[in-house]
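Peer 1: Straight from TrEMBL, here's the annotation block:
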DOMAIN    34-110  domain 'Ubiquitin-like'
DOMAIN    263-301  domain 'CAP-Gly'
DOMAIN    465-760  domain 'Protein kinase'
REGION    399-437  region 'Disordered'
Amino acid sequence: MASIKNEDLLALKSYIVAADATQYSSLAASTLVLDLTHSNLHQRHAEIRFDKHDTVDELRRRIHQKTGTPPHSQHLQLKSGGVVYHEIPPDRESGRMLGYYNFALGANVHCVDVDPHSSSSGGAYEDTSLVEKYRMTDEEYDRRKGTLRDWGRRKKEEDPEFSLKRHAREHAELVEARRLYRESGVLKYGFKVESSGIVVRCEDINYSEYVNEELGNKNEVQTEFGPETILHLSLHSRCQVQPGSRRGEIAFLGPIDELGGGGHWVGVILDEPMGKTDGTVPSSGVRYFEAPGSNRGGFFRGKNVVAGDFPEIDIMAELEDSIVTNHPTIQDGDRITTSPVKNPGGVSENLIVETKSGSKYKLSNVAFGEKIPAVEAKKAKEDAAKKEAARLEAEKKAAVASSKKSSSSSAAAAPPKAAPQKAALASQASASTQSQISPAELRKLAKSTFSLTGSTIGPNGKYLLAGKPRQSSGRAAKIWTAYLADPNIPDVPAGFEDGDASGVQKLTIKLSPDAVRLQLENSNYNKVQSGIFTGRFVKKIEYMESVQSNKRDLDGKFSALVIESGRYDLKALLSARKGLPLRGRALRDAASSAGQCIQAVHSSNLVWTDLKTENFIVVKIDNFDEEVSDVNGDVGLPGVKGIDLESVIARGGNPIDYTPEACPPEFARAYMGGYGGEFVLDYSYDMWSLGMMLYELSTGQPYFGTKSPNIVTRELCADTFEADVSEVPDAKLRDLIGKCLSLEPGRRPDITGFLLHPYFITTGFGPFSF
């Protein structure tokens, strides 16, 4: 899409996308928002609203209205994330309500027109070239009076050299000359002021003559910034300016004595806000041309300006599509579109940063605890729920304590009995305690305590799903919090039979419609946890190829991987620490765990390819606040474990995914060269990733900051790229990271050399002592 260079487009774009993250927040619970597409049409009917109680018949009727395809010819495909998860043939499921299909907001219903003679085929509804149009012959138009051609013809008779292009250019130059004279009193060369005070063109002077006159005798020495330096340029031409390859349009050519030692200058209106003026020379206040903003113009020497075919770059094409995590008001997993920051290296709190599209934002620590209305409302709701849960818990414990006291008193008053009788009494007392909370009350308490959704997976409702799912690395898989169900009390987590949550184990379940990828991950867990070195990975509990569920949208449509759950990942910990790096024992704990995970992977003849801070979680301790405030790392991180083995590939194989900030330069070059899919994986790939992860942990910031994936990959490919680890404070760790980030794959240490590095051996801790 061709971009518009003025600021109105930026304002319009900001207005349009301002509420993207919350566009569905005000919808009624029964409202569905669907996108409708058609097999024969390019058109896309976006965000069409339905009610969950509407039937498939109503859906077909709406599609008929918008596409012309009758219901009996509609084969419907229901898509989520571009993947078809259900199909409805013509005349099937007509009376079923749309709520049955569990549509996500913004899901896609694709209509396949099965009629081979459909009137929508062949472009009949959209191809305007098929429509017969009125055409006027050239002879007829030539005979007409008062047309543009007629006016041009008459002007040509007056001036044989007349052309519409020259007329437009000269008119623009005249308007600019009048504006410059009116505002500053400066009269541009080639113009004069008549007695009436009106600026007009001097018809008997041309610029080439002016240049020759300025040059004088050709044998004389030319000035460094004389008129010859801009002779190759013309007003209103497109151009590119160095340094920075900035593009724009030439708006001024001529001498400016008060600017930079005088001489001849080129004034350019830049497409993007990358200049320093609006056309005014600050020292004199004289405006030589008019730019639409204070940073949309610039003065340049002719040698730095090249005129030619330099169209405006579409700013919309540079927007980045991202997955939200750890945002105060936007749900994890939501997609947002942003423009990249112009100078990512200068990003810090309380500074104003500018994006490449020209938008400016002030960064603050509001996301780390300052009051935001939406956040405060959410916190108030959560606090109310916690208080209610605490009240119910207190009532339950009081009832249990009262029952125990009563049972104890009864037992003390009873006469001595034989041992079997004592056991029977103990059993009766236990039963009496449990009976204080009825199954119905226990289920209600469990639902509020663990945010149970009512959905189960596995045979006989083996696992209970809780909370909201998270997106898995941008793929179709969803990550759920779950609990093992009590086999005797349906819909209650195991260990909660007496209402005490302390004994309940939280689990993580990965649900994916891609059975092949999840089976690969399951196989990878089996390999790394059954080898000589088992590493520090989360425990894999169970894999289900086709899940059973009480929900129709899940039953038989997904595979599931059940694993040990973590408290938080290392990326979230760094974010909460506001860029404060890990230090001391905590840093060594994390580095040791990462090294041992790589040791397990490599000893199984595998390459991880996706080693990053998001894929290491803390599972043993629940002291997040203490870790956030632990400046020196005294608390340690003994519970760090690795997760997500979906991208693990056998050594010598080819990658199926890649993370730019974790990939080495040799792969980046292969990827940019178009043969990334043929790249042969070796252990050195992971050693580079390990170095990058340790750099982030030890400095508090990723090596490439917030740069986009494309920019990161391009920088890795540059001939001048060399990893700079000078920001790492610990000398031994700096040496270890520097070795891992060697540009020569063969010079990177293997995992044994990594674990035996002095950073571990001479610290008194060592990688295996935790």
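Cβ coordinates are placed from backbone N, Cα and C, and glycine is handled just like the others.
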Peer 1: Report the DSSP secondary-structure composition of the domain 'CAP-Gly' (263-301) as helix, strand and coil residue counts.
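Peer 2: Counting residues by DSSP class gives 0 helix, 16 strand, 23 coil.
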Peer 1: When secondary structure is assigned with DSSP, how many helix, strand and coil residues does the domain 'Ubiquitin-like' (34-110) contain?
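Peer 2: The counts are 19 helix, 35 strand, 23 coil.
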Peer 1: For the domain 'Protein kinase' (465-760), what's the model's average pLDDT?
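Peer 2: Here the predicted model's pLDDT, averaged over the domain 'Protein kinase' (465-760), is 87.
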